Amino acid sequence: MRIFSTATELQQELAHLRADGATIGFVPTMGYLHEGHKSLLLEARNQNDIVVLSIFVNPLQFGANEDLDRYPRDEKRDMLVALETEVDFVFMPDVSDMYPESPLVTVKVQSGVDVLCGSSRPGHFDGVATVLTKLFTIIMPTRTYFGEKDAQQLAIVAGLIRDFNFPIELIPVPTRREADGLAMSSRNVYLHEDERKVAPKLQEALQIGRGMIVAGERDVETIRQAVSHFINTHTHGKIDYVDLLAYPSLERIHRVEGQVILALAVYFQQARLIDNVIMDQHGHQSTVLR
Ligand code: AMP
């Protein structure tokens, strides 16, 4: 395993390998790696000759009042995970290397950002799209791996790849969960003991919503209300949003039709947790990124 801190060296190395016909699987992360990240890395390992992991806490995707300064980091443990999953190259640039001066050009996401996390985190997905445009250009991977846990990000990355003609195959990876159903997240370390106990209720709430669809309910508002009610009665978290949208277009709908996403974000004292379920109109879980 080799660690690179500058783009040029990594680019040179990858150019040789690409010329020899190697396929490259790329997993972008912000570090503090857990089993969810491992799923992405293992899938990349299975499908490619070379696996590149990037670890970069991207300041451009954090708002002024967000947790950039206290985003959890553990470089040593991340390196162990990278070794364990047989990563070939780790790219860990400094902020000054990625953004040498105030940039002349950034990427702006045009749609799908006025809902879900986009509406409570203005500019977040522009930051994500900008850093990914840079990372895709540096690494030029054959395939890239993203978790369904960040489903809005996944839909936007699909749009970025399509609209900018990146010759990259996007592979969605299902959300890894703790035994009690809580979606794994670097931010789970911020949960207080009592919050950690009730956090699995978020997934339970989503499954109640899905159950309603399986049973034939089609009215979006009825499902949203039931899910919100369950969260409010079973946790002390403050709901940021509970929403049911078309997926991957992220368009608002009144009735469940085609593939949809039921998603939520809930604030606990020190952490904002997100989770979702993507399903067809009958409530069968599936993710198609048309
Ligand atoms: P992050 O380090 O939070 O930026 O996440 C890096 C990648 O890991 C993103 O594609 C996430 O969607 C994915 N990821 C995070 N948590 C999970 C999880 N519990 N299961 C699967 N993928 C995940």
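Placed from the backbone N, Cα and C atoms, the Cβ positions cover glycine too.
What TrEMBL says about this protein:
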type	residues	note
BINDING	30-37, 147-150, 184-187	ATP binding site
ACT_SITE	H37	active site, proton donor
BINDING	Q61, Q153	(R)-pantoate binding site
BINDING	Q61	beta-alanine binding site
## Note on the structure
DSSP output for G147 (ATP binding site) maps to strand
### Message
Between Q61 ((R)-pantoate binding site) and K149 (ATP binding site), how many Å separate their Cα atoms?
### Response
17
### Summary
Looking at the recorded positions H37, K149, the one with the fewest other Cβ atoms inside 10 Å is K149
### Task
With an 8 Å cut-off on Cβ-Cβ distance and a minimum sequence separation of at least 6, pull the same-chain contacts of G36 (ATP binding site), or say none.
G147, K149, T175, R176, A183, M184, S185
### Task
Specify the count of other C-beta atoms within 10 Å of the C-beta of Q153 ((R)-pantoate binding site).
22
### Query
Taking the binding-site residues Y32, G36, Q61, which residues show a Cβ-atom distance to ligand 1 below 6 Å?
G36
### Message
I'm trying to understand the geometry here, so how far is the Cα atom of the residue listed as 'active site, proton donor' from the Cα atom of Q153 ((R)-pantoate binding site), in Å to the nearest whole number?
### Response
15
### Task
State the three-class DSSP label for Q61 ((R)-pantoate binding site), counting H, G and I as helix, E and B as strand, and everything else as coil.
helix
### Task
Write out the long-range same-chain contacts of H34 (ATP binding site), meaning residues 6 or more apart in sequence whose Cβ is under 8 Å from its Cβ.
R176, M184, S185, S186
### Summary
Same chain, |i - j| six or more, Cβ under 8 Å of Y32 (ATP binding site); the result in sequence order is Y71, P72, R73, D74, R77, D78, S186
### Query
Across all chains shown, how many C-beta atoms besides its own are within 10 angstroms of the C-beta of M30 (ATP binding site)?
18
